[in-house]
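Here's what Swiss-Prot has on this protein:
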type: DOMAIN; residues: 2-184; note: domain 'tr-type G'
type: BINDING; residues: 14, 15, 16, 17, 18, 19, 131, 132, 133, 134; note: GTP binding site
């Protein structure tokens, strides 16, 4: 057991985590050179296309160190985006140490900080590593100072390596063996194993990734899931050397996967503890805090026949992604679907894309909203995650919107632009610290403004140099109103949005204009209106198409022309009272882009 090392790799987006893991696998002979490909651990097609890590992946390697001993390294590659920070905290719960990878050209960024603090809070040994030293722009000395200055860990003798060229990889491995402590645990105690992750395999049922904290997990054992109290037999277990390899037992301190024919998707929740059926442990391992979704959106299948398969797909996906929340919802415009909660817009995009790809569904998404705390006049407090659920205006005493605390790191030269952006987003500055050439800014910005397009605009105002980390802070009273969109006098529930009163007029007008371009012309006029309660704030009209009924009259009598026009008018009138308007998918997505192209 003293030769086991469990660690995660944490870093900001694009600082080279996945490439470093490739090199570690290669130098320990986990895969032959023929099987080696770039970013071997990013196994999802989506991850490869976007070049980002979404799911944490684990690998077990054997490394023969310079002191002649062979060490077993279990490591977990983690994502860097703020939307997937939950994956990171789960991975860290299974480790004793973390490699903090910092790009020697870019230096410390917001995510580096956030992930590093998470690791330090969990009492992990943090080992700094300077990556990409082969770049001409690399300044390892400056970055090492920056790590000490901003993060506050010792970094003068940080290992310098280049994952791309393979320089210094040996030193990284030696550093891991030397600095990261061996796992603690009692092999003779009752079994306790933490479920780090699980996913659904169509042949095997639920496959779980576990970390054995105490005791030994053997093939054929009868185990019990502590939260549900159900027992299962262990059919297969093993490790990833990125390939799945079967073994007969997992010892204390090891990380591996197991299959025990759980057919029910909720059978082995992530963060749960497994123990032995005959000799159960008394206490549950401390798991991870459940994350609350920050952004909600409605997802509806385009054809209602897909509803069943959509429900199953969501179930399977939520097993693999514990931060996804969903509940059934129905809309008059879109039929039956689900209200889903996500950690951020990127997360929402990824989930939608995974549903469409892996489960072959066609979906419509409604505009994302955040959760509002609403105090009603009778003193009851409710949480509203969709504009349709907002009670009528005269029943509302106060609406409180969620405020996010945003930590930004950026070069001084972009400070002005970023402050302007934050003010425009109704932000309040709470802190500003200079670290050499970098500035650490802290703002409190309404969550609704952050999730909409804050990240994209922060990146574009700072030419990609600013980095952001945000988290929910509190609810705060604000003057929010619901803007309804009416098409021919009928409210379309899927198009409603909750906005701040100051922006309502502007957002309403913009949305109405946008809808006008997207709704196809019909044989009659279509009025598109934006309303707050009964008060109309904006209107535009999609002009009717009309046939020239006078084309066949040559000169002729005016009463003849009047008769034809009158007849056409009556026809249009009848049509208008009966006709209903098809709203195309693009129109629902228009809401997403309102307020973006300023």
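Glycine residues also receive a Cβ, built from the backbone N, Cα and C atoms like all the rest.
Binding residues for GTP (14, 15, 16, 17, 18, 19, 131, 132, 133, 134) extend across at most 17 Å, taking the greatest CA-CA distance. Here the Cβ of residue 14 (GTP binding site) has 14 other Cβ atoms within 10 Å, regardless of which shown protein chain they belong to. DSSP classifies residue 16 (GTP binding site) as coil under the three-state reduction. In the three-state DSSP assignment, the secondary structure recorded for residue 133 (GTP binding site) is coil. Taking the Cβ of residue 18 (GTP binding site) as centre and 10 Å as the limit, one finds 24 other Cβ atoms among all the protein chains shown. Other Cβ atoms within 10 Å of the Cβ of residue 131 (GTP binding site), summed over all protein chains shown, number 30. Mean pLDDT of the predicted structure over the domain 'tr-type G' (2-184): 75.
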